[in-house]
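Visitor: The following feature annotations were taken from TrEMBL:
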- 550-600: domain 'Cationic amino acid transporter C-terminal' (DOMAIN)
- 606-627: region 'Disordered' (REGION)
- 35-54: transmembrane segment (TRANSMEM)
- 66-86: transmembrane segment (TRANSMEM)
- 98-124: transmembrane segment (TRANSMEM)
- 167-184: transmembrane segment (TRANSMEM)
- 193-211: transmembrane segment (TRANSMEM)
- 254-275: transmembrane segment (TRANSMEM)
- 287-314: transmembrane segment (TRANSMEM)
- 385-404: transmembrane segment (TRANSMEM)
- 487-507: transmembrane segment (TRANSMEM)
- 519-540: transmembrane segment (TRANSMEM)
- 552-571: transmembrane segment (TRANSMEM)
- 577-595: transmembrane segment (TRANSMEM)
Amino acid sequence: MRCQDLRQCSQKLVRRRPIKPREGSEGRMSRCLKTLDLVAFGVGITLGAGVYILPGEVTRNKAGPAIVISFLVAALSSVLSGLCYAEFGARAPGSGSAYLYSYVTVGELCAFVTGWNLLLSYAITIASVARAWSSTFDSLIGNHMSQALRGTFPLHVPSFLAKYPDFLALGVVLVMMGILVLGARESALVNKWFTGINTLVLSFIILSGFIKGDLHNWQLTEQDYTLAAAGSNDSSSLGPPGSGGFAPFGFDGIFQGAATCFFGFVGFDAIATTGGEAQDPQRSIPFSIVISLFICFVAYFGVSAALTLMVPYYQIHPESPLPQAFLHVGWDPARYVVVVGTFCALSSSLLGTMFSMSRVTYAMADDRLLFQGLAQIHPHTRTPIMAILASGTLAGVAALLLEFSNLVDLMAIGTLLAYSFVVISVLVLRYQPEQNLSKKEKTENEIEKSEREASPLESVPEAGISRILKSLYDPISTNPTRKSGQIVYGCALLLVLLLTILTVILAKGSRYVFSGDPVYTTVTVLLLLLITGVTVIIWRQPQNPSPLMFRVPALPVLPLVSIFVNVYLMMQMTSGIWVQLGIWNVIGFAIYFGYGIRHSLEENNGQQPPASTFQTLDENIPGTESS
């Protein structure tokens, strides 16, 4: 009996939902968002607090002028994940983003973990942006608000809580929540205005930086640092000098900076949450993701280059880098332009992130993995009213009480985890068979089945080995079969394990590997050989030829590179961040096993196919046909 109960429980953990929207769920939301609206959402969220604040801290303490390389590495990780999001946007145009993609591909438990960590990332992002909005306003009025609140409401609590409650940050969140309640079309219009002004300001900053910049600031020496310290009234205001030059903190600083810079690219996944409200999601979602990522990379690269050209990296102000940079070069009035851009960027980022968080919350509640009441749709505005109110309240309380500077890495690791699940899902899904096989495919499957019966003249071990090797490197079918799908599924899980071990070695013991240590070098080479062999096995399996608006190129190499980069960036995080992530997921598991697993709509949704096979997504999407 125990074995049977355990088996039933494990089957529930891997059950998957159909891609076709359920009656009365997606249809209740208004499809009013155009491609330009989606691009504005992606750019608005991504070019938020990060572009005005992030370059200062990373440049000063981690990467120096090589921050442009850090942004390039972070952009690479985001682009690789973004391409996988783009393919899924074409396959599964529904609300929920990475949560939905995981649910229809790898099962319910992975979907819940993905969605739960996305909610964490969104909540921290909203809190941090709201706090930054409040801090920017406070600096304009001489910090009188913070001084008054610190004296009136002192919080003598642990470091992860703020020194005082930020009521302005809470108020900003409530205002944005009110805009979202009005409707998706109204929210998109407000967001486009904020994003357009922000883009103009960033263009001004980049051009100004290149005009007033000095290439010598990319070639600084210890002598330059000594002179700067001698000429400063407060030498402690200078950052660490490092070794000087373009990359004063070496490769370690570049990659540590990239792990933090990844925070700046979080936002393109918000486009995928609009699937239930986009007019043509299969076409507009992939296109919008690619365009928004390109725009954001150009902006980050240009702003960080302009900043480091204007000011020596150790003199950059970590909290207000751009206004202080213009003051340094004698363009004091330009600070006010930066302030306008900052408010618009923070507002668009806040609005877009709250939009995304409410849609993921709605999608999980609509599937009954979260509480059912959160899936209520307002009859007039056709927005998920309860999801907006619940997620907005949670984020508002976080903005009121939390010290967001200690939680940025926690947000990044949660997002990287969600991105990795999406990449794995794309890798596995591309090699899965159609549910309704054609006559040719049925014949090929019959041949494959007959070959499983070993010849009487052939010994069983030899026949088994021969069949296994043939199925791995020379599959008989030109279209995916259940067996080839199982092979890819198993190989993908093995690759994730091998890549994780490799990234741990490279992140924690890279100096031993590159110095020629026999143990580390041997293990690294063996891991690379195993990864290459398993990748070849996946590459030899037939892919699903169903037509799509967008397909990830260079499978299986590109998804594997994306997984490697994501996991490597995750390994740059401290042990404390991993502990915090574990606590958040323990809370999530309590909700899932206490409520979601019993109330899931897939509980009585008929028989599910085995966990090693996957239902095709394409047959349920209008406009696509099976080959």
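Note that Cβ sites are derived from N, Cα and C of the backbone, with glycine treated the same way.
Nobody curates TrEMBL annotations by hand; they come from automatic prediction.
Set these features in their place in the structure for me.
Guide: Residues 128-129, 132, 188, 191-192, 194-196, 198-199, 202, 260-261, 263-268, 270-271, 274, 278, 280, 283-285, 287-289, 291-293, 295-296, 299-300, 303, 319-322, 338, 341-342, 345-346, 348-353, 355-356 of the same chain sit 6 or more residues outside the transmembrane segment (35-54) yet have a Cβ under 8 Å from a Cβ within it.
Counting same-chain residues at least six beyond the ends of the transmembrane segment (98-124), those with a Cβ under 8 angstroms from any Cβ of the stretch are 12-19, 85, 88, 92, 266, 269, 272, 275, 353-354, 356-357, 360-361, 363-364, 367, 369, 391, 394-395, 398, 402, 404, 407-408, 410-412, 414-415, 417-419, 421-422, 424-426, 428-429, 581, 584-585, 588, 592, 596-597, 600, 602, 611, 614-615, 617.
Remote same-chain residues near the transmembrane segment (167-184) are listed as 29-30, 32-33, 126-127, 130-131, 133-134, 137-138, 145, 149, 190, 274, 277, 347, 350-351, 354-355, 358, 378, 381-383, 385, 388-389, 392, 395-397, 399-400 (criterion: CB distance under 8 Å, separation of at least six residues from the stretch ends).
Through the fold, the transmembrane segment (193-211) approaches residues 40, 43-44, 47, 51, 295, 299, 302-303, 305-307, 309-310, 322, 325-326, 331, 334, 337-338, 340-341, 344-345, 347-348, 351 of its own chain, all at least 6 residues removed from its boundaries and within a Cβ separation under 8 Å.
Note on the transmembrane segment (254-275): residues 33, 37-39, 41-42, 44-46, 48, 50-51, 54, 57-58, 62-63, 66-67, 69-71, 73-75, 77-78, 81-82, 85, 88-89, 92-98, 100-101, 118, 121, 125, 184, 247, 281, 285, 288-289, 292-293, 296-297, 300, 349, 352-353, 355-356, 359-360, 363, 408-409, 411-412, 415-416, 418-419, 568-569, 572-573 of its chain, located 6 or more positions outside it, place their CB under 8 angstroms from a CB of the stretch.
Nonlocal intrachain contacts for the transmembrane segment (385-404), taken as residues 6+ away from its ends with a CB within less than 8 angstroms of a stretch CB, comprise 119, 122-124, 126-128, 130-132, 155, 159-163, 165-167, 169-170, 172-174, 176-177, 180-181, 354, 357-359, 361-362, 365, 373-378.
Long-range contacts of the transmembrane segment (487-507) within the same chain: residues 424, 427-428, 431-432, 471-472, 513, 520, 523-524, 527-528, 530-531, 534-535, 537-538, 541, 560, 563-564, 567-568, 570-572, 612, each at least 6 residues beyond the stretch ends and with a Cβ under 8 Å from a Cβ of the stretch.
Beyond its flanks by at least six residues, the transmembrane segment (577-595) meets 109, 112-113, 116-117, 120, 369-371, 407, 409-410, 413-414, 417 of its own chain at Cβ-Cβ distances under 8 Å.
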Visitor: Can you work out which residues elsewhere in the same chain, 6+ from the ends of the transmembrane segment (287-314), have a Cβ less than 8 Å from its Cβ atoms?
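Guide: For the transmembrane segment (287-314), the nonlocal Cβ contacts are 35, 38-39, 41-43, 46-47, 50-51, 55-56, 59-60, 64-65, 67-68, 71-72, 75, 78-79, 82-83, 85-86, 89, 199, 202, 205-206, 208-210, 212-215, 217-218, 220, 224-225, 228, 238-241, 248, 261, 264-265, 267-268, 271-272, 321-322, 324-326, 328-329, 550.
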Visitor: By DSSP, how many residues in the domain 'Cationic amino acid transporter C-terminal' (550-600) are helix, how many strand, and how many coil?
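Guide: Breakdown, helix to coil: 39 helix, 0 strand, 12 coil.
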